[in-house]
Structures are given as C-alpha cells and as structure tokens.
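**Q** Pulled the feature table from TrEMBL, pasting it below:
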- Gly18, Ser19, Gly20, Lys21, Gly22, Thr23, Arg136, Lys179: ATP binding site (BINDING)
- Arg44, Thr66, Ile67, Val68, Gly95, Phe96, Pro97, Arg98, Arg140, Arg151: ribonucleoside 5'-phosphate binding site (BINDING)
- Asn102: CMP binding site (BINDING)
- 38-68: region 'NMPbind' (REGION)
Amino acid sequence: MSSGNKLHNVVFVLGPPGSGKGTQCSRIQANLGFTHLSAGDLLRAERQRHGSEFGELIESHIRGGTIVPVEITCKLLENAMLASGDSAKGFLIDGFPRNQDNLDGWKRQMSDKVNVHFVLYLSAPIEVCVQRCLNRGQGRTDDNEESIQKRIVTYNEQTYPIIKHYEKQNMVREINGEKSADEVYAEVERIFQNAGFRHQA
Ligand code: C5P
Ligand code: MG
C-alpha cells in the first residue's frame, strides 16, 4: 500500500458460512487482479503465530462462532494490505465487516485510505450452507454442528444487519450462492465489469 494519497479499491464479500465466499474470491483474484484477504484466514494465521498474545482469544471466538474485537481484525487486514504492495488492483475483503463493531472500527481506521466500491453478497439457504461446511473437510475447529449453529446465529443477528445497512446505500450486489461455482462466477464477473473492473488477459 502506498504512503501517498491514492485510495485503495475495496470490495467486501459477505454471506453465510459455506456460501462460497472463499471459492469465488480465489477466482476473482486469479482473473481480475484483486488481492483476496480473508478475515477468517488472517485470524486463523494469527492464532497459529508463535508468540501471538491473541491466540487463545481468537480460538475461543472461532469455536464459539462469535466475532473477534475489531482492533485485532482490522490491524491484521491493514497489515496484509500494506504487505501486498502497490500492484494489487484492489482488495477483496472476505468475511468482513461481520458486525457493527467491525464496521465502526473499519470506518475509524480505514475510511480515509480506501474506496469501498460495493458489497458482494452471496446468499444461500442455511440448510445448504450447513451441509457444505460439514462436508468441506478443511479440518477447521468450527466446522462441527455445534459451532456451525452458533456461527449461523451470529450471522443472522449481527452480519445480516450489516448487509441491510449497505443495501440502504445501494451498495449490495447479491448473487444466489446456491448455484454452481461456475454459474456464480459468471455473475461475479458481470458485476465487476459493471463496476469498471475488467478481466485480465
Ligand atoms: O469467515 P470465516 O468463516 O473463515 O470466519 C471464521 C471465524 O472467524 C468466524 O466465525 C469468527 O469467529 C471469526 N471472524 C471474526 N471476525 C471477522 C471474520 C471472522 O471474528 N471479521
Ligand atoms: Mg472463508
């Protein structure tokens, strides 16, 4: 990230657990030149980092499906943006902002550094999401029934209102995430094209 005044392009990616955020973000990164930053992945990496003072706190939030205080998550996101240098066309911030605390902290810390273009919202029925999480076999400590149920409660009570907040500002681009990854991605590309971001050769 430059030290100059150029604002960094940001697209937030939200949707229930298992809605396909990570899958779509990998494709957007490969084809459209955005850098994918997953808040959950950054928190998992910080949890594993030797000497982290936040490891236990993060793990208890992850297992309980609750949201880590924004000071931790926003700092990880900002550090990752700084580390990725100037080459990124923009940043896809996946799984953030997850609640009002995330949104408030982001605005405090980042609003003068970024241009948030839109929120990509992958919607899918909860039953489909639960099955996907149970079947994905990534070895996550929160892909068990008990944690998944808690994550869904958090999603409904805390994250969905954030999507509604952005809807009021006409910033939400919703895609039915129940379709195949290819079908979803075709719609994703159209949305990015409409926002002026082109497929890279
Ligand atoms: O997005 P993902 O499903 O990987 O997130 C896993 C967990 O990481 C969440 O359930 C939550 O406990 C934590 N998280 C968070 N704040 C975020 C994103 C993820 O606390 N903005
Ligand atoms: Mg993810």
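A Cβ is built for glycine as well, from the same backbone N, Cα and C atoms used for every other residue.
Any TrEMBL annotation is an automated prediction that lacks curation.
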**Q** Can you tell me which of Lys21, Gly22, Arg44, our binding-site residues, come within under 6 Å of ligand 2 at the Cβ?
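**A** Correct list: Lys21, Gly22.
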**Q** Helix, strand, coil: count each for the residues of the region 'NMPbind' (38-68), based on DSSP.
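**A** So the region 'NMPbind' (38-68) is made up of 20 helix, 1 strand, 10 coil.
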**Q** Which binding-site residues out of Ser19, Gly95, Asn102 lie by ligand 1, going by a Cβ under 6 Å?
**A** Gly95, Asn102
**Q** Looking only at C-alpha atoms, tell me how far Pro97 (ribonucleoside 5'-phosphate binding site) is from Lys21 (ATP binding site), rounded to the nearest Å.
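**A** A Cα-Cα distance of 13 Å.
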**Q** Can you tell which of Lys21, Arg44, Arg136 has the least company, meaning the fewest other C-beta atoms within 10 angstroms of its C-beta, among these binding-site residues?
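**A** Candidates: the binding-site residues Lys21, Arg44, Arg136. Fewest Cβ atoms within 10 Å: Arg136.
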**Q** Here are the binding-site residues: Gly22, Gly95, Pro97. Which has the lowest count of other Cβ atoms within 10 Å?
**A** Gly22
**Q** Please tell me which one of the binding-site residues listed here (Gly18, Thr23, Lys179) sits closest to Asn102 (CMP binding site), measuring Cα to Cα?
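**A** With Cα distances computed to Asn102 (CMP binding site), the winner among Gly18, Thr23, Lys179 is Gly18.
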**Q** How many whole Å apart are the CA atoms of Arg136 (ATP binding site) and Arg44 (ribonucleoside 5'-phosphate binding site)?
**A** 17
**Q** Nearest to Ser19 (ATP binding site) by Cα distance: which of the binding-site residues Arg44, Ile67, Arg140 is it?
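**A** Among Arg44, Ile67, Arg140, Arg140.
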